[in-house]
Amino acid sequence: MNAKPGFTDYIVKDIALADFGRKEISLAETEMPGLMATREEYGPKQPLKGARIAGSLHMTIQTAVLIETLAALGADIRWVSCNIYSTQDHAAAAIAAAGIPVFAVKGETLTEYWDYTAKLFDWHGGGTPNMILDDGGDATMLVHAGYRAEQGDTAFLDKPGSEEEEIFYALVKRLLKEKPKGWFAEIAKNIKGVSEETTTGVHRLYEMANKGTLLFPAINVNDSVTKSKFDNLYGCRESLVDGIRRGTDVMLSGKVAMVAGFGDVGKGSAASLRQAGCRVMVSEVDPICALQAAMEGYEVVTMEDAAPRADIFVTATGNKDIITIEHMRAMKDRAIVCNIGHFDNEIQIASLRNLKWTNIKPQVDEIEFPDKHRIIMLSEGRLVNLGNAMGHPSFVMSASFTNQTLAQIELFANNKDSKYAKKVYVLPKTLDEKVARLHLAKIGVKLTELRKDQADYIGVKQEGPYKSDHYRY
């Protein structure tokens, strides 16, 4: 399977991998009932006809099913991965072979990563996208940073706080020189909205909304119950140990593991390690989450307590500098260190660059300290489940990506009479319950139905929604 004749608007590792990718996409479709039902329901209506979606989300087999669902609903699409290690090259090849522009290679450099992200906005024919589908907020951030600089505030471009920021700001400067005056403003004006996949990207959106700098409406897909309580929790429960095992081949049973953070991702990660036979410790700043961890039977400690005791360390906080170089100096010889939060700054990777690195295999490095003790770093502190394994299973991603599809429809087709202002919204409970319903039959669930008198008794409709908006699942 090769790309369509004359179609060259893609960058992938090897287009010859497309046949392999297509076979795996076919398998994934069977495990993604929500997306397939969405195609069947909305396909004839073409609600995304005219949508030009700039997508920045891990270019996996499951994402390929999402991309082709959006295309089946009428959208025109350009796509990049949101992480330098998360691309599955056969998935990217299959999408390119289908004639959809995609720019994603597993192991791309940071410079390549940001160059590819910029390609999202170089629409064929000289137009711009009118929708963003984001994971982590990098595509959204590029538009906002460029717009800010166009408005005359350029001082921040000379104050990078990391290697990646230096590369990112250099890209913004280059685009300001190369593109027509007001290019970023034109993009911002044309964007009808963004749907954001993950906790970290949502934080960025709320920060901008609170400051009044958000340039277009946003839907927070992450906080849909059928995303955060399934993808973040059950997805991590399956994929974390998969990444650690593929990366290291260590026996997990009997090991001491430390999980930093006990939100939904941390809960899933701790459960993953416990089910593998680890003795699990947890650190938390939130007293509620700390109490939850203790009530689940985990030992709640600080990272300082855990550093010399644990064999495996996992960060899952969405915050920075969770594991510092001081913590790593105190670790056992060949302790395993990894991250399952969105960005790599949860671990102080930059502070290790002047030490001796020995690459064991792709995304597995041994780092030696001056005292000769070593640690094993997975995926250079980036997402371990996608860098060292294949990410979450298709079924749980179907729920997340069905939410993404509904959010894109909502922002593009249903934003009548300025229904959505430049704020952050969540999908209504009715759609959350709909997404859940679409996945029940696949796993043999028989749902009990309320009688009218029962529904009246608890003050809900027979068809739902069954919980208030503030209900905590």
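The first residue you see is number 1, and the count goes up from there.
Placement of Cβ uses the backbone N, Cα and C atoms for every residue, glycine included.
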Residue from ASN319, ASN403, ASN414, ASN415 that Swiss-Prot also lists as binding NAD(+) with THR198, THR199, THR200, ASN232, VAL265, GLU284, ILE340, GLY341, HIS342, ASN385, LYS467, TYR471: ASN319
Matching residue for the substrate site, where Swiss-Prot names HIS58, MET59, THR60, ILE61, GLN62, GLU197, LYS227, ASP231, HIS342, HIS392 - out of ASP122, ASP135, ASP453: ASP135
Span of the NAD(+) site, taken as the largest CA to CA distance across THR198, THR199, THR200, ASN232, VAL265, GLU284, ASN319, ILE340, GLY341, HIS342, ASN385, LYS467, TYR471 (Å, rounded to a whole number): 33
Most Cβ neighbours inside 10 Å, all chains, among the binding-site residues GLN62, THR198, THR200, ASN319: GLN62
Cβ neighbours of VAL265 (NAD(+) binding site) where a neighbour is any other Cβ within 10 Å: 28
Cα-Cα distance maximum in Å, computed over every pair in HIS58, MET59, THR60, ILE61, GLN62, ASP135, GLU197, LYS227, ASP231, HIS342, HIS392 that the record assigns to substrate: 19
10 Å Cα neighbourhood of VAL265 (NAD(+) binding site): matching binding-site residues from HIS58, THR60, GLN62, GLU197, ASP231, HIS392: ASP231
